Amino acid sequence: MSTLTSVSGFPRIGQNRELKKIIEGYWKGANDLAAVKATAAELRAKHWKLQQAAGIDLIPSNDFSYYDQMLDTAILLNVIPQRYARLSFDNQEDTLFAMARGYQGDKGDVTALPMKKWFTTNYHYLVPEVESAAEIKLNSTKPFDEFNEAKALGIDTKPVFIGPYTFLKLARTPEATELELDKGLVNAVAAVYVEVLAKFNELGAAWVQLDEPYLVLDKEPGDVELFKTLYTKILSAKGNVKVLLNTYFGHIADVYETVNLLGFDGIGLDLNEGREENLEAVAKYGVASNTTIFAGVINGRNIWRNNYATSLGLVDALKQVTANVAVSTASSLLHVPFSTEGETGIPAEDLKHFAFAVQKLDELKEVAALADATEDEKKASAALAANQALFDGTRVAADPAVAERIGKLSDADYVRQPAREERQALQREALGLPLLPTTTIGSFPQTKEIRAERAKLRKGEVTKEAYDEFIKAQIDAVIKKQEEIGLDVLVHGEFERNDMVEYFGQNLNGFLFTKNAWVQSYGTRCVKPPIVWGDVSRANPITVEWSAYAQSKTDHVMKGMLTGPVTILNWSWPREDITHEEQTKQLALAIRDEVLDLEAAGIKVIQIDEAALREKLPLRKSDWHVKYLDWAVPAFRLVHSAVKPTTQIHTHMCYSEFNDIIRDIDAMDADVISFEASRGDLVVLDAIHDAHFETEAGPGVYDIHSPRIPSEKEIEDRIYEILDKMDVKKVWINPDCGLKTRGNAETWPSLENLVAAAKAVRAKLDK
């Protein structure tokens with residue numbers, strides 16, 4: 001019998017971001033919901049047929065979503081807070097969008113659900129909110145409709161769900177204690193999954209996949225018992241459906257013995273990020289006789305080609321324990337671009353080193369075929385030989401100048417002088433800012449006109465000189481508008497930048513760029529990460545000309561805007577032939593050069609965004625420092641350690657759980673940090689207070705990911721919440737994040753309310 005192949009999930013935005021475009025058109029009133037549904041159905045059919053043509057045995061369904069799979073699960077379970085239910089939309093999609101984006105209109109005014117990073121990825125999920133009065137019940141036909149959709153095309157699929165354990169651990173359950181979820185809630189959730197399996201029994205599904213990535217985290221008291229309670233109920237009622245427990249982003253060695261005894265038909269193990277521990281657990285505890293191990297050998301989180309010899313070695317190691325081994329993607333392919341097809345900007349000799357989602361289907365099938373081959377057949381295999389050739393020899397030559405510069409670094413290069421308290425006093429005097437200074441995070445809306453002008457430059461339809469004049473006009477206008485509404489520290493708007501990471505990559509040595517390698521970040525927001533191809537260095541100044549021009553146009557303090565080294569790496573496709581630490585040092589030195597040039601050009605405030613610092617923190621607490629923070633935090637210090645005491649260094653961080661690393665963030669030794677905080681109900685304030693946080697801070701006072709406009713009173717209330725926990729002298733007032741993806745129609749009224757709120761609070765404090 002040939003080795004089964006299984007795909008955990010497939011990208012849903014479409015090869016050309018069709019889903020993004022049709023949904024955003026619906027939000028703007030350019031098309032109706034029927035058009036959205038038609039495009040979605042076309043994409044699903046295309047993606048199923050692609051996987052069928054590639055010969056994949058277990059093709060996923062229900063991995064499609066209009067916005068987010070956790071949000072879909074909340075709706076499936078009827079976990080819809082009353083504030084959204086009361087909007088009384090006549091379709092489930094508009095309720096979903098209101099939960100994801102907030103709503104402000106004739107039906108009411110509600111903020112969006114909180115949004116957080118999905119484990120260590122750059123994907124964001126909506127945090128479900130389980131109200132005490134929630135009636136947990138099966139509330140959606142989506143999984144069954146999509147299964148039948150595929151069946152009508154002649155394709156049998158494997159329905160995929162976020163599992164109940166992960167859902168409950170990630171949901172906000174206000175009435176539950178930290179250690180023990182309400183048993184009524186647990187039983188109700190389990191009952192819905194039982195009902196789901198019963199329906200798939202009726203529909204004739206062979207397999208159902210339940211994703212439980214939360215299993216790879218450290219366990220709290222009661223976690224294992226919760227998992228057992230849920231799955232004892234679910235598996236006892238599974239009927240003829242085979243249940244695949246799928247785990248990813250780490251290992252489950254600490255619970256593998258328990259999982260193995262529960263009676264799952266399949267257990268999916270990540271053999272990229274949890275390789276050694278998972279293999280050791282399987283070797284130690286064996287595999288139940290009726291269980292198939294799904295070996296996650298095809299990495300769902302990178303774009304480099306799979307090393308077949310390595311994958312075959314992993315499959316062979318499992319086959320020493322059990323004959324029941326399938327090969328699978330290590331996680332959903334949601335986190336990689338669609339296809340390398342059409343990437344003509346990358347030389348063919350380089351492109352052959354990459355595999356996007358479509359190419360990973362072929363890799364999966366080839367690994368499965370080779371796993372079934374005899375040793376003689378492997379030796380004769382052209383596919384195996386061609387694959388091995390990619391890993392033999394040197395892919396790219398090293399840059400000796402980069403290595404030499406890193407080799408000369410000393411401990412002093414990672415320490416800024418004088419101490420922060422002394423610097424803060426000097427900076428207050430030098431900058432002359434008021435109490436509760438107001439600023440923005442950096443970017444302003446990139447209108448259709450700006451994007452069109454950039455496209456013209458790319459196509460050679462306008463000269464570089466004409467484009468630069470256009471950008472200068474945008475900068476002039478945004479400076480004037482910021483001055484008019486009364487912001488204290490201004491920014492130039494970043495109109496020259498397509499993306500905060502790609503822009504820097506395009507101006508550094510060592511990067512490759514794609515035309516269409518988009519991946520979903522949240523909802524319809526997509527990103528196109530650059531590829532770290534070789535050693536990184538800065539050839540010329542990148543931002544200095546624009547920042548210096550902007551400063552020349554105002555007497556206000558102008559903030560220089562940079563992306564930090566950890567974020568550039570975390571939001572790029574990193575190399576696999578050298579460590580992340582080494583790549584980050586290279587980037588830190590390149591950005592350090594830019595910081596010093598900005599300072600020399602008269603820029604007194606420089607923001608070095610580390611938006612993605614938290615997201616790559618290892619999932620196991622014991623790994624936090626030794627595998628990440630011990631080099632990530634010093635890399636940031638290396639960037640700014642040589643500036644003058646009067647130069648104020650800012651940083652910014654995006655949606656994350658900051659509380660547990662708040663002291664490490666303080667150790668970055670920035671002068672000011674802004675947090676994305678409003679969707680997290682400002683819980684970071686308690687951590688700042690309890691840690692005696694020394695860095696000045698601006699927890700975001702309104703959510704920029706929602707189109708709604710916060711009132712002056714709403715922002716004023718937020719400021720007082722902040723002042724309850726922070727020293728007023730250390731508080732900055734700013735939005736949650738950059739404003740690039742917002743429209744001018746909501747941006748300026750929101751900022752006017754922000755400035756008015758800050759002034760109102762200042763006035764009351766002065767009395």
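The backbone N, Cα and C atoms fix where each Cβ goes, and this holds for glycine too.
As recorded in Swiss-Prot:
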- Arg17, Glu18, Leu19, Lys20, Lys117, Arg525, Cys526, Trp571, Glu615: 5-methyltetrahydropteroyltri-L-glutamate binding site (BINDING)
- Ile441, Gly442, Ser443, Glu494, Asp609: L-homocysteine binding site (BINDING)
- Ile441, Gly442, Ser443, Glu494, Asp609: L-methionine binding site (BINDING)
- His652, Cys654, Glu676, Cys737: Zn(2+) binding site (BINDING)
- His705: active site, proton donor (ACT_SITE)
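Per-site Cβ counts within 10 Å over the recorded positions Arg17, Lys117, His652, His705 peak at His652.
Under the three-state DSSP scheme, Lys117 (5-methyltetrahydropteroyltri-L-glutamate binding site) falls in the strand class.
Counting in whole angstrom, Cys654 (Zn(2+) binding site) lies 11 from Ile441 (L-homocysteine binding site) by their C-alpha atoms.
Cys737 (Zn(2+) binding site): 26 other CB atoms within 10 A of its CB, across all protein chains. The CA atom of His652 (Zn(2+) binding site) is located 28 Å away from the CA atom of Arg17 (5-methyltetrahydropteroyltri-L-glutamate binding site). A distance of 10 Å separates the Cα atom of Glu676 (Zn(2+) binding site) from that of Ile441 (L-homocysteine binding site). The separation of Lys117 (5-methyltetrahydropteroyltri-L-glutamate binding site) from Gly442 (L-homocysteine binding site), Cα to Cα, is 21 Å. Rounded to the nearest whole angstrom, the C-alpha distance between Asp609 (L-homocysteine binding site) and Leu19 (5-methyltetrahydropteroyltri-L-glutamate binding site) is 30. Secondary structure from DSSP puts Ile441 (L-homocysteine binding site) in coil. Cβ environment of Cys526 (5-methyltetrahydropteroyltri-L-glutamate binding site): Ile13, Arg17, Lys20, Trp518, Val519, Gln520 lie under 8 Å away, each six or more residues apart in the same chain. Annotated L-methionine site Ile441, Gly442, Ser443, Glu494, Asp609; additional same-chain residues within 8 Å of its Cβ mean position, judged by their own Cβ, are Thr440, Val491, Met500, Met561, Gln607, His652, Gly738, Lys740. Between the two most distant C-alpha atoms of the annotated L-homocysteine binders (Ile441, Gly442, Ser443, Glu494, Asp609) there are 13 Å. Ile441 (L-homocysteine binding site) and Lys117 (5-methyltetrahydropteroyltri-L-glutamate binding site) are 19 Å apart (CA-CA, integer value). His705 (active site, proton donor) is 18 Å away from Leu19 (5-methyltetrahydropteroyltri-L-glutamate binding site) when you measure Cα to Cα. When the recorded positions Ile441, Ser443, Glu494, His705 are ranked by how far their Cα is from the Cα of Cys737 (Zn(2+) binding site), Ile441 comes first. Looking at the residues that bind 5-methyltetrahydropteroyltri-L-glutamate per the record, Arg17, Glu18, Leu19, Lys20, Lys117, Arg525, Cys526, Trp571, Glu615, the two CA atoms farthest apart are separated by 28 Å. In this structure the C-alpha atoms belonging to His705 (active site, proton donor) and Ile441 (L-homocysteine binding site) are separated by 13 Å.
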